[in-house]
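Accompanying notes for the structure given below.
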Amino acid sequence: MRVETVLLKDYTTLGVGGPAKLWTVETPEDLKRATEAPYRILGNGSNLLVSDQGVKERVIRLGGVFQTYDLRGWVGAGALLPLLVKEAAEAGLSGLEGLLGIPAQVGGAVKMNAGTRFGEMADALEAVEVFHGGRFEVFRPEELGFGYRTSRLPEGGIVTRVRLRLKERPKEEIQRRLQEVDQARKGQPKKKSAGCAFKNPPGQSAGRLIDQLGLKGLRVGGAMVSLEHGNFIVNLGNARFEEVMALVRRIQEEVPLELEWEVWA
Ligand code: FAD
Ligand code: EPU
């Protein structure tokens, strides 16, 4: 196990966030020790907006055994989803195509029920192992209250590994589906972001609403509403937490949207 002081801006895709003690756990024993005091769990940091003051709790990251995977067996929650999408396609295993382009770890994707209109993480799960209250417990997906970008894990629960629901399909068919998802994502920005900032209201697109209000390009310091997609807030360089929050509030003054990001402050 490694414990070090880091800046969370280096561990989040938006590139915002101050200091924290990072506990990289490599074994179940490490995890038990690391969770003996208040903690937060970090995945790939792709849905987080973190305060410049950092956080006082331990920040736990899954390394070692939690990153190993077998697509036909247990998949560690610390494994990177983009890698699994690619390897499943190469192996002729279908079920993850809709998750193409989501820069998550498996655990973060389960927690957020990450997805696109082509499919969600919950659809691809057969079983989920969660560490909570000092023990490991396996759940069926129906027990975890999955909804649009939400789940109900046990209090303080850490997803440690999952079994995927994949089926053998011709590789060309999988490739066709991946191309379709890739095409749908073409309008999303490449600059530093944490994905869509707001949830879509039922039947609507937050990005389109923000666009229609003429808010693309609106800027507070280093934070800007993407010119490519209205629901992405991009970090132009050295955006501060308060600048990003000010931009979020400015948008919410115009249209009452619910934040999709998780704020660590
Ligand atoms: P983090 O951002 O690190 O954490 C998110 C939450 O999950 C936190 O509450 C954290 O505590 C919790 N968590 C992390 N790991 C675990 C674990 N092992 N056990 C329990 N809880 C855990 N999202 C979509 O849904 N669809 C998209 O199409 C999409 N596109 C994106 C494109 C870009 C360019 C970016 C930057 C982001 C995008 N996102 C998208 C957002 C983001 O990738 C997802 O929300 C993803 O699920 C976050 O996973 P993560 O591993 O990065 O989690
Ligand atoms: N649109 C605009 N202007 C914009 C953005 C979008 O007019 O600035 C229009 C598009 O032209 C399209 C419609 O709005 O007709 C929907 O846009 P898009 O296809 O980009 O989908 P979205 O609803 O904005 C959702 C998810 C994305 C996911 C895509 C692809 C949410 C909040 N967003 O975006 O997920 O990648 O679909 O399926 O559910 C995320 O959750 O972080 C995320 C990026």
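For all residues, glycine too, the Cβ spot is worked out from N, Cα and C.
Predicted automatically and left uncurated, TrEMBL annotations should be read as such.
The model shown is predicted, which means the values in this text are computed figures rather than measured ones.
Residues annotated as active site in TrEMBL: Arg149 (among others). Other C-beta atoms found within 10 angstroms of the C-beta of Arg149 (active site) number 18, with every protein chain shown included.
Cβ environment of Cys196 (active site, proton donor): Ala206, Gly207, Asn231, Phe232, Glu260 lie under 8 Å away, each six or more residues apart in the same chain. As annotated by TrEMBL, active site, proton donor applies to Cys196.
All chains included, 14 other C-beta atoms sit within 10 angstroms of the C-beta of Glu262 (active site). Annotation note: Glu262 (active site) sits in a strand segment as assigned by DSSP. What TrEMBL records for Glu262 (among others) is active site.
The domain 'FAD-binding PCMH-type' feature in TrEMBL is assigned to 15-169.
With helix defined as DSSP H, G or I and strand as E or B, the region 'Disordered' (179-201) counts 6 helix, 3 strand, 14 coil. Marked as region 'Disordered' by TrEMBL: 179-201.
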Does DSSP give Arg149 (active site) helix, strand or coil?
coil
